[in-house]
Amino acid sequence: MLELPFTTIRPNCRLRQNLGILIILQCVLTCYNFNLEQRLPIVKYGHPHSHFGYSVATHTIGEANGPNKTNCVLVGAPLDQNRQPNTTHSGALWRCPMTQRFDDCEQVITDGRRNFDSEILSPPGNDEIKEDQWMGVTVRSNPLQANGSGGKVIVCAHRYMYIVRENRYGQGLCYLLTNDLQFEEVHEPCKGRPVQRQHEDYGLCQAGTSAALLDDDTMVLGSPGPYTWRGSIWVTQVGGEYLQRDKTTYYSDHSDLNSPVDKYSYLGMSVTGGRFFGHMSYAAGAPRSEGHGQVVIFDKSTDNPIPVHSILDGEQFGSSFGYELATADINGDHRPDLIVAAPLYFTKTEGGAVYVYQNIQDTLPMKYTLKLTGPLESRFGLALANIGDLNKDNCEDLAVGAPYEGNGVVYIYLGSSQGLNSKPAQKIQASELGGTIPNGQPIRTFGISISGNTDLDDNSYPDVVIGAFNSSAAVILLARPIISIQTSVQRKELHNMDPNTPGCLDDPASNLTCFTFRACCSIEPYDEKNKELRLAYSVEAETFDHLKKFSRVFFFDRENKRTNVLSRVVRVHTNGRTECQAVTGYIKANTRDIQTPVRFRLKYSLVEPPLADSALVRLNPILDQTQAHVDFEGTFQKDCGDDDLCESNLIIRVEPNITESSGNEYTLILDETELEVRINVSNLADSAYEAQLFIAHQAGVSYVATKKPTNATCNSYNTTLVACSLGNPMLRDTTTFVTIRFQPKGLEPSEKIMLFHIFANTTSKLVGPERPERDLRVNVVRRAKLNFRGWAIPEQSFYSGSSVANSVANTAATDIEGHGPMGMDDVGSQVHHMFTIFNEGPSTAPKVQMVIHWPYSLYSDPQSGRPVQYLLYLEQVPTVEVSQGECHVAKEYVNPLNLASGSRENPAYLSAPAQMRMFPSQSRHSFNKSLIHSQRSYYSSSHRDDHSDDTQSNRNRVRRSFLERVTRLERLMYDPESSNAANGKKQDIVELDCNKGATNCVRIECDILNMPALSEAQVVVKARLWNSTLVSEYPRVERVRIFSTATAQIPESYGVEVMDHNNIEVETRAYPELRNQQRDTSIPWLIIILGIVGGLLLLALVTYVLWKVGFFKRIRPTDPTLSGNLEKMNEEKPFLAPSKNTHHVF
């Protein structure tokens, strides 16, 4: 092996040269990985819109392996103009030579010849219709053998019609041609058969829709039309001497009673044959049979009708299973295998399917052995062809057409001793064909027809022709020669590499551990002209096939840059001798993994010379890729015994820190505490290199930390995995203890179990009776203690007055007093029921469902027609306060009368003094004083006879009644509790709740979301106590007790245990206002006497005290008239002279 002299390249050219090598490698390895040369296609074009290429066949004139043979391609053009006179679109058969020209095909004479010797073509007869007969819809050929068998060509026109009186019958016809494409005979298998019932007989036979020429000189024609499109096949002997051959036409049973398929099955849409069961059999596709399609296999027989051997079923409705058939020996066992296409098969990502039934000891299985599928809407399998042995492995290969994948694609699948490979060896796309297109239009519907298994360029490899009818084109792809190569590696230094010892034989001064191996190959001679080949080889370490993202070793390229992929070009002699090239690699510093071998891949590819102008001039060879690469590995020196194989036995024990456990069942009450998992890992055998422990957990469980002390180093690898390093290596007979803390607070409410998958691994080989893995299951219990209470604001309410407002119609519009629309304050006092939930924990309540049964109205039969007697009239939808949530109640129960807030706008009311505007239902004032003003009216009036006076009188009474209500300040209140204590009378109490059937109750549902421990939520229900209902129904009771009931629970789906029973009742007490009842003012006589006596004693005591303090002593001024001494007094003296003891009295 001679490496190219890179050292002679100038420095400024090295980069360019290396880039060229990489480009060559990439092109060779990825672009053209098989031997059909799509870069140099030979394209033949027909007339536009003629459907040229709808059918194709490779053909050899002369003996297949003879010296004077002529290779050509036969192309059907069903809408082309035939050479027969008086026809325009009857279809034609074309013969295309093996040249590079586009337009050198010649039409083969088919129609119009009346006898063998005449060259004159006659127009169609009066009893036939050739227009649109689709001559060339089917073209088949088989090679001429040395014994004289084969070499025939069949071309059909399935729409050919003949005329009987005024009726036209589309029975179809086929021409059998000789090896040199001369007319031999015409086949019309349906001619002369009954047509009285039109399509129910043979009126639309359509013979020639499919055809096959078998290797036993048998011709099989398919006709899907007989007997209401049941279909049939026709088998005829076409080989050998005419006088000696069997001229009987054998057919399948298509009668109403015995046909293997039902009407509209299209049996005969495709045909093939082979020795599937050790003897000759014929297969026919019925793509519409049973809806999913079937393939019926008939045995060869000398009796009519030929017997049915077996039936294969499709797997999907409407998939057209059996639309196309092919026979090939895909595993080289000399037993034919059956391939069935279902081009209309589909899934969300697939369009079209091909099923392989591999022959096993002369038996076809009823279930397919391999299924191939194509891209969506590609109609993968619309064409199938046995294309021969492309790679010389004695197994025939398969071509599958997908004409509607883009502009068309053909897939090449290689056979092997194990069967057909499921991965295509080559994908030929119309958009990637090389060469020049003469009309500038891209080729479309590429792959509508395929033919092969003929060596058209005489290089001993079969070639392929592909039709594209939408572009009126046929594409010939020639097969490139395959060079056989043997690849090997000499790798002595790759055994027991010591990462602690630097250098190697080829680089002893290196500071890194290095190694050297030799890449070798040998090429057998394949051509006398080529004695030497340029090969590109690459050595890749560890990153191929996605083994690793980074490699532990590297190479130096020509620019001394580190790389794990080394690429070079060498020259190799094609003399079968082995030639080698040395490759030196280096181990990276601080490499931890010394247990796993280092894997390498050596791969060779051919550096091609420039393409020739034509595939007919020269085809560049291609390496056999199955032998062009080899994988090998290098091992490290380890302390693992003489066999250099480390066998470790890791044992895991797991235990959580949960005291509440039963056997292997653990239960954790979810609160603020953490979960600790104690893990013991023991190694009972050889040292475990890169020993690691992994704990997989749910995303809602978070890793907190690892408790100390421990020899392991743990980290969170991602949100669901904790990775711990146990040592490198973990020595024999050692145990590592790890305690890991987890916080389960993030678990979803639906997660009721914590699952931990705990496992250990090592780069050493694991041995032992069981794998080092354990599963820990911890049941999660959420408990929440809900403290549920409720109360009413106010607890007591009062009602009085008349029941005139009880009418729903009056309330909704205008009350009878004519004061305008009713308001909330007009119907009754406001009542609030408060429901409070307190979560005492320990767990969060993700959702609390509260259901309130609300006494909406008194019970009444809905069919009675009575108006609704509201009880607690809902003002609005209840609300959730303090916490998140909402309540739901049917809309028809929330303020159905559309009452506005406040009171009606009565002019008399608005003109009254502010201190007198105390309406009976103004609860904000009356509740605080525990006082509700009476609604009873006091008025008097005389009766009026006329209606107008009566109306005016009513209005006056209303005004007086209203003013009396709002101005009267003195009220006679009734306290039932004190009354009972005083006189011991029995109370008349009414209880209204949802459990006794006396009320119509509304269901209010409230959802309270996400209540953490020690949080509170409150639901407020605002309503009005409907005054008129109580006045009309309970005017003389002691009190009315109205209950709303509520329950609170957490849905079971959240897995939270509620520790208390949460059912409560909230009561509103309604009292009648008894202002007209007489007070009991009688006082016992004893109390009167004691009162008088007590009063007299008190008076005497007060009098005595006053006497003591001199209250009764009076001091008067000096007055002579009082003493009886009268004397005359000077006028100078004052009229009143003060005495000695003068006291001034003011």
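Note: Cβ is positioned from N, Cα and C throughout, glycine not excepted.
Annotated topological domain 'Extracellular' per Swiss-Prot: 31-1085, in sequence order, evidence recorded as sequence analysis.
Annotation source Swiss-Prot lists repeat 'FG-GAP 3' at 193-245, citing sequence analysis.
Per-residue pLDDT, averaged across the repeat 'FG-GAP 6' (367-422), gives 95. What Swiss-Prot lists as repeat 'FG-GAP 6' is 367-422, and the listing cites sequence analysis.
Look at Swiss-Prot and you will find 432-494 tagged as repeat 'FG-GAP 7'.
Under the heading topological domain 'Cytoplasmic', Swiss-Prot lists 1107-1146.
Per-class residue totals from DSSP over the repeat 'FG-GAP 3' (193-245), listed helix then strand then coil: 7 helix, 17 strand, 29 coil. Per-class residue totals from DSSP over the repeat 'FG-GAP 6' (367-422), listed helix then strand then coil: 0 helix, 20 strand, 36 coil.
Per DSSP, the secondary structure of the repeat 'FG-GAP 7' (432-494) breaks down as 7 helix, 26 strand, 30 coil.
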